[in-house]
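For reference, the structure is listed below as structure tokens.
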């Protein structure tokens with residue numbers, strides 16, 4: 001047996017191989033992906049134990065030298081009674097056994113829910129041992145059974161990979177039964193409840209809407225989220241990802257809401273501004289749809305790497321620091337307690353299991369909200385926030401008594417009975433399209449949203465890759481990614497027609513929830529989406545959510561935005577995080593994402609300027625005073641607003657530097673996607689991502705949006 005390739009590792013030695021000292025177990029995602037970093041602190045990690053065989057000649061030119069150097073190639077002999085040689089892969093050993101003796105071999109296969117051979121060796125083209133890609137295909141010749149270290153990789157509760165002998169409870173195509181699916185589906189949606197409901201609780205009051213308006217928008221968000229999730233799991237990427245209002249759209253929505261032309265409105269400001277938002281979202285969503293279904297997203301994927309995704313979405317969470325704790329400070333005894341409770345549940349009590357479920361980690365947000373809300377209700381009923389001669393319904397400007405003026409903040413923000421949304425909400429209400437009126441289309445606002453839709457697509461790309469590592473048998477193809485982005489555009493069109501105030505996209509927090517709950521079944525997400533649609537029809541549910549005190553909303557957002565920033569930075573684990581190249585790129589991206597928008601937001605504003613909007617909304621009125629002051633008002637609006645958004649600056653800096661500064665694919669952590677032709681020959685990959693009702697066969701000629 002010989003190998004003429006000079007790039008490969010050492011030839012197989014004598015049989016049996018000499019014993020070697022056990023390698024230290026890997027402490028990161030490298031155990032699953034086969035990635036061997038040089039700078040990220042993982043130098044003691046052994047190989048993943050995957051057996052990589054030679055690719056076909058036509059694909060060797062596309063393989064990176066540094067990846068090929070870590071791959072073992074061995075020519076498989078014909079079956080003979082002689083003892084088989086050993087294939088060496090790093091510190092792991094593999095035995096190649098003739099097919100006649102395979103009954104004497106223990107083969108560790110990954111479970112395939114459809115009974116296929118998804119755990120066997122994958123065909124050629126399904127990655128090169130990076131970022132969760134499977135091993136390459138077996139060349140033609142006698143079949144061989146492969147023995148490798150019997151160790152199944154598990155994803156810890158924080159989303160990282162460990163070497164514990166367990167795995168996901170249910171994978172993508174698993175259908176364990178109605179009761180388990182219902183239980184896990186409810187658990188899945190309850191764990192990301194904050195992501196679904198908090199954005200309406202922020203933007204509706206900013207538009208001047210009442211508690212009743214907030215209740216209706218919350219019901220609409222629940223309805224649209226359920227419908228778009230069903231569409232995405234059926235005709236999009238088909239991964240178990242929940243669609244909903246994204247924090248990516250929050251900053252541009254606030255910028256549009258605080259545009260100069262809306263400051264002097266009289267009458268129903270809410271409906272007027274909502275129609276402007278709807279028009280901008282519909283145009284931006286149509287642009288995103290074209291980006292996906294035209295195949296341009298497949299080209300754009302070459303520019304999107306973990307080093308780009310990480311700072312871009314860390315900037316999304318960091319950009320709202322001026323809203324978080326300043327709003328919590330309006331009632332410290334309620335807001336701080338809630339923050340501490342969520343931190344205690346998610347960190348200190350995260351290992352505690354009840355009936356096999358880590359309820360404190362999974363339900364940290366709803367548990368913290370329930371306990372704090374109950375405490376605030378008891379304090380309100382006990383009269384702690386009732387002051388003699390003071391009425392909470394009297395505007396602050398009309399309060400004459402110094403005693404009442406001193407306690408006006410506590411009366412308005414600490415009491416839980418200032419909202420009448422629950423009482424005024426109907427029992428049944430069906431959200432319908434154009435319920436706020438005909439959308440208004442303004443090109444300058446639409447251009448801002450179009451740019452943001454690109455950022456949203458970048459977020460979804462990272463979520464597709466991360467979730468496929470957890471739940472699917474392999475990464476999706478570039479066509480599947482394009483198909484998912486195109487459908488997300490259509491879903492955002494629906495969000496614009498129904499009037500949710502933001503676009504619809506994949507919730508990044510959903511990937512963390514999959515890792516925590518170990519529930520990767522698409523059926524559980526679909527059943528939960530159906531339950532969400534039913535809940536949206538009950539008006540009292542929206543009224544109940546709308547009655548959450550503002551200080552509690554701000555406290556929850558402090559946690560959600562912090563977690564969003566951390567989830568963004570966690571994408572660096574797919575690259576060499578300790579590389580000086582990546583450190584400098586990420587550092588520059590994060591710093592300029594905070595500093596450049598601060599320049600635009602503060603330009604032309606003196607400290608004594610009396611602005612008509614609350615202080616926490618000052619960063620979003622930049623369009624009226626930014627440094628761009630040409631004779632074209634629309635261009636000024638677009639330039640000042642776009643460059644004042646933190647995530648846009650982070651994305652521009654990261655994508656330019658990462659694609660111009662030299663670096664190997666291993667160092668950059670380039671996302672690896674399955675090749676279309678190879679995926680068609682792999683039953684497990686095909687069943688994971690193929691469209692239902694034989695739609696894939698009809699669209700087979702459209703190569704850039706699927707198989």
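Here the Cβ of each residue, glycine as well, is placed from N, Cα and C on the backbone.
From a predicted model like this one, the values you see are computed outputs, not experimental measurements.
In TrEMBL, the transmembrane segment annotation falls on 327-348 of the listed ranges 327-348, 393-414, 415-436. Of the candidate ranges 120-139, 140-159, 160-179, 360-379, TrEMBL annotates residues 360-379 with the feature transmembrane segment. Among the ranges 89-108, 189-208, 449-468, 469-488, the one that TrEMBL lists as transmembrane segment is 189-208. Note on TrEMBL: of 68-86, 239-257, 258-276, 505-523, the range annotated with the feature transmembrane segment is 239-257. Of the candidate ranges 239-257, 277-296, 360-379, 524-545, 637-657, 524-545 contributes the most Cβ pairs within a distance under 8 Å of the transmembrane segment (214-232).
Per-stretch counts of Cβ pairs under 8 Å to the transmembrane segment (303-321) identify 551-570 as the leading one among 327-348, 360-379, 551-570, 582-600. Note: the stretches the transmembrane segment (524-545) and the transmembrane segment (637-657) are not in contact (fewer than 3 CB pairs below 8 A, sequence gap of 6 or more).
Most Cβ pairs within less than 8 Å of the transmembrane segment (637-657), among stretches 239-257, 327-348, 551-570, 582-600, belong to 582-600.
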